[in-house]
């Protein structure tokens, strides 16, 4: 981290904290504090991957009623049974 001559002490500390948090150094130190067996390592890797994928995935906001209406329209279009005109013979 390069400190400018005109930067104040508080600003430098704030910038340092932000960069340390972004780099994940504190979480890494906490994780390495105790031994991690293979099963815990696998769980952590899966959890981290799902977190990364969650960030990459775009948020699609659709209401349930819209989906239900679409399903109804599809069902009606697929319905080709017509009732005979007039009275039923039985």
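Indices start at 1 and increase along the chain as displayed.
Cβ atoms are placed via backbone N, Cα and C, with glycine included.
Just so you know, TrEMBL annotations are computer predictions that nobody has curated.
Predicted, not measured: the structure shown is a model, and the values here were computed from it.
According to TrEMBL, the region 'Disordered' annotation covers 42-90. Marked as compositional bias 'Basic residues' by TrEMBL: 42-58. Marked as compositional bias 'Basic and acidic residues' by TrEMBL: 66-75. TrEMBL lists 76-90 with the feature compositional bias 'Acidic residues'.
Using DSSP to sort the residues of the compositional bias 'Basic residues' (42-58) gives these counts of helix, strand and coil: 15 helix, 0 strand, 2 coil.
If one looks beyond the compositional bias 'Basic residues' (42-58) by at least 6 residues along the same chain, the residues whose Cβ comes under 8 Å of a Cβ in the stretch are 31, 36. DSSP states for the compositional bias 'Basic and acidic residues' (66-75), grouped as helix (H, G, I), strand (E, B) and coil, give 10 helix, 0 strand, 0 coil.
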